[in-house]
Amino acid sequence: MGCDRNCRLIAGAVIGALMAVFGGILMPVGDMLIEKTVKKEAVLEEGTIAFKSWVKTGAEVYRQVWIFDVQNPEEVAVNSSKIKVKQRGPYTYRVRYLAKENITQDSETHTVSFLQPKGAIFEPSLSVGTESDTFTVLNLAVAAVPHLYPSAFVQTIVNIFIKKSNSSMFQKRTLKELLWGYKDPFLSLIPYPITTTVGVFYPYHNTADGVYKVFNGKDDISKVAIIDTYKGKKRLSYWPSYCDMINGTDAASFPPFIEKTRVLQFFSPDVCRSFYAVFGAEINLKGIPVYRFILPSLAFASPLQNPDNHCFCTEKIISKNCTLYGVLDIGKCKDGKPVYISLPHFLHASPEITEPVEGLSPNEEEHSTYLDVEPITGFTLQFAKRLQINILVKPGKKIGALKGLKQNYMVPILWLNETGTIGDEKAEMFRNQVTGKINLLGLVEITLLSVGVVMFIVFTISYCACRSKRVN
């Protein structure tokens, strides 16, 4: 009888040990299965989860726009006073709803090329007004003249057409005109062929961004979705150095198995440059654990603080020998126009830039950019891209509309908040197909290991106790 009991105790201990061992073995095996599955589904080719989400985003993406309405245009133009602005918005458009086109796989280079069509649908229910709302804003064409035509002689000639069209430093434009384009009266008088349509986002409708060529990850999953070429420009580096380089992905996804120490790089075609984001926090998004990566203030720092920004300092006088921070010159990709980008309300910008402008209220929570990325798959499940469009205005002694200025102005035109969040249905599918299975496998591993260890300990103790009684 004692022998039978001892045998049962020994058998129980052995079973517990085997369960613990099996659980320990299952852990690396399970991790290998997860890694293999993710690598397979993250490849950008027909039939994978990544490809389906990549071709057409499953989330609704909105672009909110706030216009800086100038309250004292005459005072500024005549007396070079501080510009008083009033933020008006949001005006909301649905964007990124069109699927990628001309998708072509290249099996030799393991890349896929495509075009990204552009479109914007106004959403009245998400806006404070209509596209017919009128604003007092900077005259984009007039403000660009001193930059495009530095010659005093040419400015004198151009000024004739500015006067003839009754154009001034500021103008009244509807939301639709300002964003998507209008025929400028001054440019329309120029007697030789030039583009006479002006708009912050012009041209946009019925156009396409690209051609992009990205790695599909077939040969190396660590390069999946990373841009190889864009409009014929070669991607030169994996790491931040942004002078004419194209780094990272389009921010819709990143190579899988992301760690908190990773620097995420992404290219923004709207402003023709690459950005990077660093880990900020862990959050839970609709039951899915994600890492929040934020755009650091260093991305808009001066070249002295961040040498990678040296190419965005194009002159020494206005920038005070490239020591000012918070704005970046993107004129090279805007046909030489004096366009600068910043964070909304000049967040993290030099006091010298914000001093001539009244009515700004920079706020870290409302005006910062972030990406919420699921770390195992590398998919971006939520994001907020927030940028401000500004025009640098210089005094122009030969330009009647600008001769009253006694200082340079970094004039804010608008700021935008482009956001997207995974929908409830897609989130449920993601939980079921990805995080749910991973969590279940992890639970089985831990359970087998824990139960096995407990069984081994309990049966071993019982066996020892039983032997002790027999000896006594």
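In case you wondered, yes, glycine gets a Cβ from its N, Cα and C as well.
Nobody curates TrEMBL annotations by hand; they come from automatic prediction.
Per TrEMBL, the cysteine from Cys243, Cys272, Cys311 that shares a disulfide bond with Cys333 is Cys272. The disulfide partner of Cys313, as annotated in TrEMBL and taken from the candidates Cys243, Cys322, is Cys322. For Cys322 (disulfide bond), the nearest of the disulfide-bonded residues by C-alpha distance turns out to be Cys311; the candidates were Cys272, Cys311, Cys333.
Cys333 (disulfide bond): 14 other CB atoms within 10 A of its CB, across all protein chains. Cβ crowding, taken as the number of other Cβ atoms within 10 Å, peaks at Cys272 among the disulfide-bonded residues Cys272, Cys311, Cys322. Non-local neighbourhood of Cys313 (disulfide bond): Ser302, Pro303, Ser319, Cys322, Asp329, each in the same chain, at least six residues away, with C-beta under 8 Å from its C-beta.
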